[in-house]
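Enquirer: Pasting a structure here, questions to come.
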Amino acid sequence: MVSPECFSGEIFVFRQFPLILAEIFTLFFKPDMTVVPKNIFSYVSRKVKRAGAAPFLPMSKKEMDALGWDACDIILVSGDAYIDHPSFGVALIGRVLEAQGFRVGIIAQPDWKSAQPFRALGKPKLYFGVTSGNMDSMVNRYTAERKIRSDDAYTPGGKAGKRPDRALVVYAQRAKEAYPGIPVVIGSIEASLRRVAHYDYWSDKVRRSVLPDSKADILVYGNAERAIVDLSHRLAAGEKIESIRDLRGTAYMVPKGWKPAEDWVEVDSSSLDKPGPVKKHANPYFPEQEVCGAKAQQDKAAGESIRESKISLRLKANSQSVVRLPSYEQVVDDPVLYAHASRVMHLESNPGNARALVQAHGERDVWLNPPPLPLAMEEMDGVFGLPYARGPHPAYKGEAIPAWEMIRFSVNIMRGCFGGCSFCSITEHEGRIIQSRSEPSVLREIEEIRDNVDGFTGVISDLGGPTANMYRLGCRDEKIQSVCRRLSCVYPQICKNLNTDHSKLISLYRKARALPGVKKILIGSGVRYDIAVKSPEYIRELVTHHVGGLLKIAPEHTEQNVLSKMMKPGIGTYDEFKRLFDRYSKEAGKEQYLVPYFIAAHPGATDEDMLNLALWLKRNRFRPDQVQTFMPTPLALATTMYHSERNPLEPVSYDSEKVETARKGQVRRLHKAFLRYHDPENWQLLREWLRRHGRDDLIGNGPNQLVPAWKSAPAGAQNRFATPAKKGNAVKSGLQGQPKNRTANKTERPKQGDSRKGQFAAASRHRKGVPTRSGR
């Protein structure tokens, strides 16, 4: 029987119904996809004349000739430089396909001004696989203030300007132009997070799915190995790409009203979560079909509560269901329907119970199959054990690539995140189910770095992933996991079904640091401190052996009003972690500091919330050197709040309370100034706000006052104003012990000398183009 804990706090309010109905529904409406997935390495390898694995996947016809190839089966296009390492999506997918017997070529950072660079390797036999790179191209190119960036960590020399805006669309269109009739498959973080109608911060409007704009034949979202391997073998066997409609983790355009078979039932999303005034919730297990959005609009106009659908058991055994979201044309004009669509989509994200989704775009539909099933440990070991060259392609002639320099001595031990932070889309890309590698696989990679990577000095910079400490953690019961619709396993409380035992991670740490030639194992990924405090022994192990003086964690804010919108634990959990951190540091005889990260201008944050955060920072003698202003990135729930001013974590209605949002530049600058209260450049702005709001008591030179009273900042004022840091707090964040894992959803690009991770989470832990985030 399903545990009620799984559904507590959810929009669907499952506890109102007998839990047995959940299991009945899962039986009847289980998506018609493979439930027990085929091992991605069990396919019969294609018999192609070749001499083993290529030293690097070819980037020129000369390299193809050296390999004895007359053509590539598959050509992968990327907005990043080609680095043959599993942290970089195009390399990982390329090597996975190579292991299947396919001849794979790479076109990296092509000149997009014409189609000619896309003909560099000739015509592919099967398809072009197009990605924007490890990051969304708009996040890569622009700051949270919409200013163009001056560098690009994924380009040799860190040079900017090597990729276009909306690179995925541009590259896909050029590939179509280069060889008409050759299928184009799009993937990467940009494809994943723009697969449906989405709010785009840089144009400040809701944009269509990337599918119709790119004119791609199929979109692969999430962790792509399963879908791309199956798709490639089926195309090689002669199937037409337009007939392949049953792969999990894929999306494609179809005629409006198309269904895979006659027995499919279309479920209107409004029967699951009413986008209007609601008196009681509908039963999501027995929905009835109606016209999405139109009825909601009519009821809104009439001022009526939307009526609840009647429960019906008239279902055929093994019938399939697809949830129809409000159309692009509806969500572009109606923020409430946009928030409703976002909410339903996130609740349909568990591979165990997610249904197909469909959204009209004009006269056609975007059809999304359910998310991909996670890789098993054996498959994860296989993916990370492929013969990567572990370095940039020789064509770059040794020119430094910042993203590579950041992660060259780090090891990715897992993927996925069950934290569910609203400002981050890593869960929407990688999923909530943690996929871990085995101990032998991780240890072999450390030995590979030790023996073969130039410049290794005995220090591993990170054993981590999107977070440092979710390795081998997850739901205690697969049956419960398969029907759960919680957006987070740790918010508002840690689920009682979640295994928080860190013993397997502790064992891995101990075996890793015992390897000959390894002097130190650092943990650069962010620690999820709310689950760490459930395992004090882990904190002791971490603090005693794996902290290089600074440890980064991410409380993100101090005020409950904001934390509830972020889906983050209260600041009391941070205090508990700090107490254990200080205790074990003292026992180890080490002076070590925490580096807390905070976000300015997050939806829900008022000016008063930011003032209270600034006062907390002052009391605790924190002077953040690098801070992050909230960047609304596609598909994140916080982005939905920013655009719609509604809270998709709660039932969405036209009369629900609005979420306060800092949209104007002057307000966003003020919120950032509160985080950097100690910077003389911000004193005048803060003084003006404090006086305007009757808080003159906070102006002065006293220990309990926020900013000095003088009108301007004389030379050296910042140093005189600074207070010494007390133990356990870092005076400056990120200037030492640089964390390598700089990737979205949180998402920001890595910058040399900058340890702050932004919303898309940048550079290091990228599998198939996934920006990872650390411990948020």
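Placed from the backbone N, Cα and C atoms, the Cβ positions cover glycine too.
According to TrEMBL, the protein carries these features:
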- 403-679: domain 'Radical SAM core' (DOMAIN)
- C417, C421, C424: [4Fe-4S] cluster binding site (BINDING)
- 721-776: region 'Disordered' (REGION)
- 735-744: compositional bias 'Polar residues' (COMPBIAS)
- 745-757: compositional bias 'Basic and acidic residues' (COMPBIAS)
- 764-776: compositional bias 'Basic residues' (COMPBIAS)
Enquirer: Including all protein chains shown, what's the count of other C-beta atoms within 10 A of the C-beta of C421 ([4Fe-4S] cluster binding site)?
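Expert: The Cβ of C421 ([4Fe-4S] cluster binding site) has 29 Cβ neighbours within 10 Å.
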Enquirer: So how many other Cβ atoms are close to C417 ([4Fe-4S] cluster binding site), meaning within 10 Å of its Cβ?
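Expert: Its Cβ shell of radius 10 Å holds 31 other Cβ atoms.
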Enquirer: Just to be sure I understand the packing, how many Cβ atoms besides its own are within 10 Å of the Cβ of C424 ([4Fe-4S] cluster binding site)?
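Expert: Summing over all protein chains shown, C424 ([4Fe-4S] cluster binding site) has 32 other Cβ atoms within 10 Å.
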Enquirer: Need one number: mean pLDDT over the domain 'Radical SAM core' (403-679).
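Expert: The predicted confidence over the domain 'Radical SAM core' (403-679), as a mean pLDDT, is 96.
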